[in-house]
């Protein structure tokens, strides 16, 4: 060892008393968190594959937490420390110094440095295994002060190490990580930890474990989210009730709506109503053409219709449409209130695609073959029109290569047919390197009684309905017709997995390279998230369920692993990152909608690769800054034959369960109700009502299914399925007051307080007569 290194030690020996004073706090600072960990870097983000091989910490060139710049900084640190050594010391201690410094590049760096929680102190040096620490102490114990000084620690930390360096037990108490599985160097040789390092985590059943980030909340059935592709990285969110809002790249929302059609839109507050504002699409050259297209339900002389309209951007505000500029492009009469379709999108060919349902009811009962197989009807179709250069003439023209343009009696707008009720379609951006898949059109088509399906839409294609549902025959006579020539789905699933598919997107973003090429979609009714991966050799699509990562897997800042059940739509931002829109109460008037960003916690893109600089946006009005929901969401397994991952109801934690919980302890509305269930289920439980500043129970005397329906409708459900008496669904504690008795309702009241009843607090019953209800939501047909 050199004279310089020896001098460090002699100076340190003069401060033994300082060691005794500071050692307890130093040990607290450096002590590792004992428990399971996950791959994570010191910036609290997942590891990555460096864009260029590392020159110094080469063992982490394929996957870790350092890019070439960071690797160079560590190399300089090493050289600075090693200047204190002669050749013999360099050979003896260099390998220890290098290994310790390079743990910043380990994919488990956050665990080694106790940095998995951004709110707790981080270790100064990585946690070592006991045997390795003893070996380090035996050969190079006097280098500890050099490591601490170079790492920028306070001088007293370097001085007090003298007392530690002389005592192996204290030395290793200082450095050792007690978790033998994750300490260095065991973490490198642990086969279980490193077998699938850097790939998407899977649970024992093969379910892909992903995490979420909440990006917007308080929305009323958010049905669509789009971007302008203009460099601003804004996104536009449509609510079923008829509002469209602008969100900036920083997550804040402009207080003035981009569009307000609430007076024109036909919808209702009842759960399951499929009518309303259903979609918006911006012109692909929005920055110059400045037009938007919307799809919504409307009533004209008591006749329900689908309306496709065009709006022009305001000349005074780039974040607002000119409401007086509405021009009707197309209207289609709806024979029933369901199966409204509801998708608009522009293809890479520049044409506008419109996806319309079959007209409603059940089984497409219209005409001899139904609307979907009738090419002279617009219902049950994918339409393609040209809306360019339409300012001085007809609202749209027909593309010259539309497949049925010259077929007698066929509508020229028809691009594909035989669809039932396509809900959410998307265009594949294509592989970012090869371009493979670019322009493909994916759609989810909601089924009838047995199957949901995902289709690839092609020009002139017949997608089989009502002859087929999924891969199976629905109308056997039509199904056996040799002229059907239908295109089969790329995937179909039975109703044990879900009853209302929500189409998604192929991931083509930058931030999560593991997800490239994965088609992610979901189911509105079951809350299940799903994925398909194409085998490019066979053309077959492999199914994998997506479940939320365990707490350990999603232990990153801002990430969560739970979500509201009703998956309404999927979206991608301007950079290609994926989102889904969901709600806890499927009503057009309930502010229970949240937008979640999908995050892969196993691998990210290298630093700098995905950085964007949004173009400036001129704001008129105020910005409403985003704050994640204060209430924690928690998972409750749905009581049916489903796996744990996505079959969930989500409700706020705590005693006040239900959609009427207020933030900050503010008073609830008089007459608010909740269902209290020992299992935490949101659709069933003991009825409790909020009166006089407290929650109390309701007696079962005279309480019928009509009263149960009043309760269920308050909570956003359609009706009561059954009323349970004699405290079958739970008996309240003796300290809970009985507030209502002898309740008789007609079924149309807004609250139990509007029903015929005894005076508040007056009763002749006990908690053994607490009434309970089971609510049900009307499923999309």
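A Cβ is built for glycine as well, from the same backbone N, Cα and C atoms used for every other residue.
Copied over from TrEMBL:
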- 745-755: disulfide bond (DISULFID)
- 673-776: domain 'SRCR' (DOMAIN)
- 1-39: signal peptide (SIGNAL)
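The Cβ of residue 755 (disulfide bond) has 707, 710, 743, 744, 745, 746, 749 as same-chain neighbours under 8 Å, each 6 or more residues away in sequence.
Across the domain 'SRCR' (673-776), the model assigns an average pLDDT of 90.
Note on residue 745 (disulfide bond): other Cβ atoms within 10 Å of its Cβ, all shown chains, come to 22.
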